[in-house]
């Protein structure tokens, strides 16, 4: 490929190494300070004295009643799975129909769905609350799942229909001649071929469900028995922003699972993002 | 394309097609389309959200109030949001493109660096806000270091102007990883032969970038600009964690004004008018950018 001198290569590696280190400084500060008492955090925010390091504050954050950590993980994980089941489950048949029926009506249906990508979720949240109230789903997990899924459907459906259009139609026709019905063709032939794009949609929807704060906060309500990771952190930290013995351990507990998943899956996560945005 | 000639399908088949779009249509219509309709309706009413009190129709009053009120309501927030969107989009795209060019080759070191640049994006924006508040706040890590070194502390979050600068910086830190991944994907589409040919013709690095790489990246640039501006226009969570809108209203964004001020104070009609206006602005901005970029993208086809 391109020729590069050893000097420019060395400069490049140094610049990238310094920037990478800089990107990680906030994580470093969070991790070391989660093991220190307040006084020490204030005196030496960057150091870690192993003699005085303690897990007491992490244990306290783990037991904090305003952010029940295990339940927070469980509720958030439930949202990730349930929203994906609803959003992907509903988008697959709709995208299949739209992709395989190139009539003006279904082109309009696709446009109708895609328009939703331009509506910021926070904006419809206020009126959506009144719809959920009317349905009797306000303050419930099903209501939250339905709302979050509806914000995921436009993008999911859009990339699915684009992908299905690339799959040869002759597959469907062959299966149809063999006597398979429409649902059977979709779920046993087309859906398995969609694995890469389903993975992309799953990853992107999972990230947005995992990190969402406004929807659970407003739909479940601040006093809800269900706390997600984000609403739990908000409840635990927002009034104690200068009590670093609470702030750092709580934030650490909140980010550890997603960072572990990211480290294990980073190729898929970043690959899914570029596939979704460029090929979609 | 193996597209059969559009035969007249029977009513049954049409009905079956309709049924397959029904679940998606029901969820999407019920919780996105209908709320958009309600938002537009409420935006023309005075409504406090209390069920026993019906909305009263007031026409354009909410919009007039937003546009004419010299200091109240939306104007400072719209300004803050505009600064975040414009400055933020420049910085995010600049940082992302620069790093994409540095990291375009797939080496183990570069793969590691890409992951490091991207990781803030997997953290919730609220947590990013709280984390930086603990680092840059008046008693945060950086100010403690400054004071321990005998210097005076720096008003990252306590001075109105600096708070906005800090907010933009934190947003850029958290967001440019996404655009970086998009630029890396776009760079893969730039023909290596063309770049090599330009080099053989005597072009230096910047010239190759200017005349080959940059034009070929045009479609990617459009996507990255539009996606970054759309996400910058609705910044809310990170504000809540970092500054909670303060000091004063120096970092209150448009979305913050809607959710934390108008809606929280039971001004549902006003909140909806602000929300509708935000969607309109976001739409106008995206379509303008896409239209402006069309010529650059035609150039890309000529190069590619």
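Backbone N, Cα and C define each Cβ position, glycine as well.
Whatever TrEMBL says is automated annotation, not expert-curated.
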State the residue range annotated as transmembrane segment by TrEMBL; the candidates are A:47-69, A:185-207.
A:185-207
Does the chain bring the transmembrane segment (A:246-265) near the transmembrane segment (A:12-35), so that three or more CB pairs sit under 8 Å (pairs 6 or more apart in sequence)?
yes
Under a Cβ pair cut-off of under 8 Å, which of the recorded stretches A:12-35, A:144-164, A:185-207 contacts the transmembrane segment (A:73-96) most often?
A:144-164
Under an 8 Å Cβ to Cβ limit, what residues of the same chain, 6 or more beyond the ends of the transmembrane segment (A:185-207), are close to it?
80, 83-84, 87-88, 91-93, 96, 152, 155-156, 159-160, 163-164, 167, 171-172, 175-176, 265, 268-269, 272-273, 275-276
